[in-house]
């Protein structure tokens, strides 16, 4: 055999037209990176939404029309469009009955609230003033709707101990008032509209040089989010358009502009709970006639100075935030460049030579060759590597006559002496009993030969082959028979600590014997570190965005970093080939190329066919057994002839890779037999498994299922005041009103 093999390899088959570098699976990497990024973004959004769950009560829009009167009062009409979500209490639906707004009255800024009216715009009903009532004290929905719905009230004091509010009583100390209105019992409403009108008394303060007020429609205490708030504020007719200066205090997105006449128009978007909106204005003092609050001295310069200072603070804060984002973006770009460069650079440590076709197997056993090929192919071989190596080692044991492998489950061969009957006889028995053929796809049956059970030391086995044989012998003893299939093997190993330990010993032996070669080393350390750091940074930026700015900004900045980091991790080459491994890598690549292109050679001979038992072993280790079997079927049509197989290949691994198809009367995988397209026996068989007839693939799949079974069993804004464009800034709160809204 060695002489024949040498003869086969003596003629140089030539060079393979093959790329040597480790393959870069760009489309797969791009797809996985995109999926990973979308998954993280989805989890982040889900976490943020759960952390800040949808509020039961929210204002879709809140639009104000405010007119400053000559006496210092402000007449306000509020157009509200709110959303009421269904809510529950102790598992029962808790309907809405009452809505309210609370305002802070400070005698230094305001004198009181009068002239209140409430209209349900959705129904057209104008509500009447009524006394306050606790909704929870009225048990019946019908009683509530008939006796209380449609009324409004105003109280002062706390919600737990309210008292009647008297607008004629002078305001001598700060207090909180509540304006509420009772609605019909409502479980939920996507849009419910109300107009609330009131006069806030004495809000404009006159100094010697200017008149001013600071209005806070929403205060820090407000817990009801508002989608969009607008306000149009008009001044007495005597005030010219350019005589009004104003500053908007709001930390979110906002706009300011001049409206018709002397009015100011402002917009604030996405007002969240705890955010305040304040409007500071300044206009000619003479515009006010006998206001209730007057103070001596000039205030214009102080107001301008204060607003400039607050805007400066706000601008500094905004610049710091912007600087932070710029820093994060630059750092993210640096990480991305580093990660992608390191990932691409990791591919430079592969095989550096040319690929020459090699007809004989490499100077490595199948397990070592399979691991080196997996490194050269960047881990992109078919199926799980360890399952392929196990199957290849099993086939190697079969080629060394330690065991025999038959298609189908062990039940097919019940009543047959598998140790005394040759494959041709077994074929005849199966042919005589078509019922057995239905089980051919179920598994693969192993028969341990006497030498493996009695004199294993006499077999020329590698350490990994010996370790696997020890495992098979232990399974055989547990089952009580030298004949068993892979399904029985998996069931036996599931509950046996000893056999699981032997399986782990085999895995360790396979890895250790390859490590001893020194043919490879890890080369992805820098790429892995950069990718993981980038991944952590990108996720951190997503989280940071929800606290510093908005979730959207966090996603816009963080998601690309996460994507590129994932891409770098999926593109990196994990292992490189060392200097001692270079010649071995050349052998593996040349041998693999020869098997894949086998049918293209015209100088094949009988010696090639002699080597095919070894070819199938290595093809299984490389994950190309299906392709190799196709090549052989093209090159040697006679192997599909049952008579030829029975006479010349009954003791070869080829036999049961092709002979089962004759049991169904099929040619191999679309290739006709020697008698024509249908094969010698003609006809079409039943639908087959994708792996049927490919013994290497069947064994790989079977061992993958065994490993899975074992794992499951053992796993335990502007400062000038021009108000002529732009937006607000994050200035101080504390204006009159300090509104906060709610519902019961």
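Backbone N, Cα and C define each Cβ position, glycine as well.
Range 553-571 is the one annotated as transmembrane segment, of 496-514, 553-571, 572-590 (source: TrEMBL). Range annotated as transmembrane segment by TrEMBL, chosen from 29-50, 51-72: 29-50. Per TrEMBL, the stretch carrying the note transmembrane segment among 301-321, 322-342, 343-363, 364-384 is 322-342.
Range 527-547 is the one annotated as transmembrane segment, of 464-484, 527-547, 611-631 (source: TrEMBL). Over the domain 'DUF2207' (63-283), the average per-residue pLDDT in this prediction is 90.
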